[in-house]
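Pulled from TrEMBL:
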ACT_SITE  Asp83  active site, proton donor
BINDING   His84, His176, His204  Zn(2+) 1 binding site
BINDING   Asp105, Glu135  Zn(2+) 2 binding site
BINDING   Gly177, Gly205, Ala206, Ser207, Asn226, Leu227, Gly228, Thr229  dihydroxyacetone phosphate binding site
Amino acid sequence: MMGFVKPYALMERARNQGRAVCGFNVDSLDMAKGVIEGVCHVGMPSFLQVTPATLDIWGWDVFSTALVALVGEISGEIALHLDHATEVDDILRALEMGFTSVMYDGSMLAMDQNIEKTREVVRAARRAGIFVEAEIGHVGRDGDVVADTITEVAEAVQFVAQSDVDALAIAVGTRHGHVRRTNDLRFDRVSEIRDQVDVPLVLHGASRLSTAQLRQMIAAGITKINLGTELRSVWWQSMDQAKGEKPRQALAQAAKNLQIYVAQKLTDLTEKTVQN
């Protein structure tokens with residue numbers, strides 16, 4: 001049994017090898033089961049991710065305990081990650097519940113406030129040995145004006161230096177949700193930031209990017225790729241196909257379909273990419 005993997009080693013190994021790890025967002029246990037089985041099938045360490053909003057629905061204790069139990073019984077390697085927490089109190093709760101990685105999202109705050117809050121999170125997480133990701137710039141949704149939210153190189157440098165964060169999520173033209181176009185991608189900005197900061201870079205809103213685009217992002221300097229919308233699309237398709245079946249049968253099919261999706265996504269991105 002392997003189960004939990006330390007995010008520090010996972011991210012540093014991937015960065016040194018010119019690869020990326022995936023972060024898969026889930027909203028239910030059947031989704032988590034599918035992701036875990038896909039990761040184990042391919043043997044590629046990954047992040048299993050959940051948001052505070054999802055934990056609020058199921059109950060923090062209940063859902064966290066279930067996720068920790070699922071990960072603890074597997075032969076693969078997974079980091080359990082709290083994604084897009086905008087409240088420091090939610091981060092502190094996660095530190096007590098078995099999460100090995102957290103993301104504080106202060107991207108909508110002023111720069112100085114974002115740094116201050118992120119530093120508070122980093123101090124608490126360091127005491128628990130927990131990995132911290134934060135965001136500068138803002139990854140919005142389809143229809144947002146992308147140019148207004150792209151991460152500036154100087155801001156990234158300042159943020160990393162003053163926050164002491166372990167990984168940095170940057171805005172380089174991707175969007176959360178169902179995206180209709182992907183022609184605003186700033187591969188050049190990824191490379192510029194990579195050359196100026198000494199922490200792994202994270203890409204949010206990566207669903208709907210082609211394998212070629214994702215590989216280009218990795219070559220430019222991305223070390224972690226977050227995926228959520230594509231998983232939910234697979235889940236909904238599974239529910240549509242199982243209409244009229246018993247719920248347990250529909251959920252089992254969703255888990256199976258997600259296992260296939262995750263295994264294929266990881267396989268597509270396994271090939272080593274030489275950095276620009």
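Numbers here mean position along the shown chain, with the first residue as 1.
Yeah, the Cβs are placed from backbone N, Cα and C, and that goes for glycine too.
Shown on the structure are the features that TrEMBL records.
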{"residue": "His84", "record": "Zn(2+) 1 binding site", "DSSP (3 states)": "strand"}
{"residue": "Asp105", "record": "Zn(2+) 2 binding site", "DSSP (3 states)": "coil"}
{"residue": "Glu135", "record": "Zn(2+) 2 binding site", "DSSP (3 states)": "strand"}
{"residue": "His204", "record": "Zn(2+) 1 binding site", "DSSP (3 states)": "coil"}
{"residue": "Asn226", "record": "dihydroxyacetone phosphate binding site", "DSSP (3 states)": "strand"}
Spatial hits near Asp105 (Zn(2+) 2 binding site) (Cα distance within 10 Å) out of the recorded positions Asp83, His84, Ala206 come to Asp83, His84
Cβ proximity for Glu135 (Zn(2+) 2 binding site), under 8 A, sequence spacing 6+, ordered by residue number, returns Met103, Asp105, Gly106, Ser107, Leu168, Ala169, Ile170, Ala171, Val202, His204
By a 10 Å Cβ neighbour count, the lowest-scoring of the binding-site residues His84, His204 is His84
Long-range Cβ list for Asp83 (active site, proton donor), cut-off under 8 Å, min separation 6+ in sequence, same chain only, gives Gly23, Asn25, Gln49, Val50, Thr51, Met103, Asn226
Neighbouring CB atoms within 10 angstroms of the CB of Thr229 (dihydroxyacetone phosphate binding site), all protein chains considered, total 17
A correct count of other C-beta atoms within 10 Å of the C-beta of Asn226 (dihydroxyacetone phosphate binding site) gives 25
Between the C-alpha atoms of Gly205 (dihydroxyacetone phosphate binding site) and His84 (Zn(2+) 1 binding site), the distance in angstrom, to the nearest integer, is 12
Students should find that the Cα atoms of Thr229 (dihydroxyacetone phosphate binding site) and His84 (Zn(2+) 1 binding site) sit apart, in Å rounded to an integer, by 15
